[in-house]
Amino acid sequence: MSAMLETPELPAVFDGVKLAAVAAVLYVIVRCLNLKSPTAPPDLIYQDSALSRFLLKSCPLLTKEYIPPLIWGKSGHIQTALYGKMGRVRSPHPYGLRKYLTMPDGATATFDLFEPQSEHCIGEDVTMVICPGIANHSEKQYIRTFVDYAQKNGYRCAVLNHLGALPNIELTSPRMFTYGCTWEFGAMVNYIKKTYPQTQLVVVGFSLGGNIVCKYLGETQANQERVLCCVSVCQGYSALRAQETFMQWDQCRRFYNFLMADNMKKIILSHRQVLFGDNMKKPQSLSDADLSKLYTATSLMQIDDNVMRKFHGYSSLKEYYEEESCLQYLHRIYVPLLLVNAADDPLVHESLLSIPRALSEKRENVMHVLPLHGGHLGFFEGSVLFPEPLTWMDKLVVQYANAICQWEKTKSHCSDTEQAVSGQE
């Protein structure tokens, strides 16, 4: 009898378990997707100057809330994963001409050249010279989307194809792109300067490309001639300081490290005949033993140590990372410099963000922009679930470049007016 009386209570117990399970799942979803994270304008670090005040007025995106897609956009992991897997949605196909440049060591550098589709806002000839992220090239969807948008805003675009990254272009010397080698990017810039003597340059680098362009500009003052500004997006600034964080499981960086290393291995092995074959020109330190170590590598650091550093004769991984990072060159850049990172970028540890923060606190030409969300090169926008083709990043880079062009034109006009007045006196 007592058992029969207790039976009706069992469904209530099961309902309680179900509710607890649902609550637990919802809690995990809310935490994983960061649904409680607020939206806010980017955190800006800069010195008060005439330039910074002009930029704040001319670039609404600097002071406006960045609002990612409601359901998943506040997760840096999902933003990064979607960028890595999908690139962009409804990506356009801009038409460009591929250029080939022979380097002094026999390597063949390639870049794609895209002409503007409208008149620039200041009515002058301006070219964006663009360096993509690790193992990327002009055919990547995020590059195509950005180039198409820049073309429509009156910019000519030149996009470097990292040496060895294009699957249909064979290496002509036993060397691939490395973390900070600026040779190919410099050759592309020199070609643009020579071919278009009236053009001015806007330098843009994404991720690893941000390191390369900043290092290039800081290597010599001559590299900054005819450069209006530089924009670096989602770079880590110091490979030496980043290598330890990249081996940690915090924010799944070790997993991302493994995935990128696997991709690098595939690219290197696709060129193994040129890199590891019987070639008298190959680095003497590159041997069959290095090829064996490459097969078992599970991190970028192992690949860099066994293969990449040897293209340029570095004696150790530490030396390679120190010399190839832009950290020691940033203070030598005198043109306006915009450094963009995302606070939830799972690849760039928060400790690395002290580098752009410290620089922007000291230099009037530097501004550091740090939105709460965006992941690594994601920065998707959208209402609820589906992202828009253009990202916040695409629009910010072009908006900043437009503002700098206007700034330079205003300065030039004021200078001409002063000279005219002086001549009349």
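Cβ atoms are placed via backbone N, Cα and C, with glycine included.
The structure displayed is predicted, hence computed values, not measured ones.
Residues within less than 8 Å, Cβ to Cβ, of S207 (active site, charge relay system) and separated from it by at least 6 positions along the same chain comprise P132, G133, I134, V233, C234, Q235, H376, L377. Look at TrEMBL and you will find S207 (among others) tagged as active site, charge relay system.
TrEMBL lists D345 (among others) with the feature active site, charge relay system. Here the Cβ of D345 (active site, charge relay system) has 25 other Cβ atoms within 10 Å, regardless of which shown protein chain they belong to.
Cβ neighbour count for H376 (active site, charge relay system) (all protein chains, 10 Å cutoff from its Cβ): 26. The active site, charge relay system annotation in TrEMBL covers H376 (among others).
Positions annotated as domain 'AB hydrolase-1' by TrEMBL: 127-382.
Model confidence over the domain 'AB hydrolase-1' (127-382) is summarised by a mean pLDDT of 95.
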